[in-house]
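Reading through the structure tokens given below for one structure.
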Amino acid sequence: MASLNVSLCFFLATFALCQASRRAAKALLPGGAYAHFAREAMRMLVELGPWAGGFGPDLLLTLVFLLLLVHGATLDGASANPTVSLQRFLLAEASLPRTLLELAAQALGVHAAGALTRLYWAWGLSDLHVLQSLMDPHCSSALRTAVPHGALLEGSCAFLLHLVLLRLQGSRAVHRVLAVALLLTAAACTAGPLTSAFLNPALAASVTFRCSGHSLLEYVQVYWLGPVTGMLLAVLLYHGRLPRLFQRNLLYSQKSKYRVPRGRPVPGPGGSQTPEEGSRGRGPGSGGQPLSSSH
């Protein structure tokens, strides 16, 4: 219980720090710098929390769900996920400079989160944190299955996540936050024992890429190529194309929204006549009047 209280205090303190930093950055930085950089970096500080606690699966899933709800309600538009930033770019919702700035902020934020977590462990506020601090240089891999299977799991979960994000665009924030939190918690429950279900290349790189057990190339295949492929397939399935790259629909036949009406008879003074039929009964130069008889 002591370890749980210490970790909960860590989560709350980190959340308060990020909120204060976000407000300060929003007040002091230009709008563009805050929107594309600061909020992504602040979000990544909190994103690492659930994977740094060291608890059992039931308690960890509960914490993950609650933290995802809190994050979703306060993220202020930040994604903290490179695949979401790339999805916005492919949908032509973000420019290339903005996307690169977001990716840089996510990388900076996740490194700051890792450093903050290790500093907290080093204080030794609980036996669990002392053990984690001692084991940190010799961490074990989060990938506990074959590389192709792991890539398939991460890609499939990312595919479902991005489909939900695409489907809920424009919906009420409360519905979107709840749906994403439930989906990510279910992914952590099903794929977590095999890959930890990061669904986030930046988060996976910080937590497990330095751990022994697999090569860097194997980690890249599972935690980078898997989620990116899942995102690409989700966008392609939902839109039928990648809007940034293709104007033409690649999967679905496009039908016109408007039906061209067929030619119908034009009603005239003497009944229903087509323009051609009406002109036949008129003499040249008559102007539509009958010819007068000669006397």
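We count from 1, first residue shown onward.
Placement of Cβ uses the backbone N, Cα and C atoms for every residue, glycine included.
TrEMBL labels come from automatic prediction, so no person has curated them.
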TrEMBL annotation (transmembrane segment) - matching range among 59-79, 143-163: 59-79
Cβ contacts under 8 Å made by the transmembrane segment (219-238) with residues that lie 6+ beyond its boundaries: 83-84, 86-87, 90-91, 143, 147, 150-163, 166-167, 195, 198-201, 204-205, 208-209, 250-251
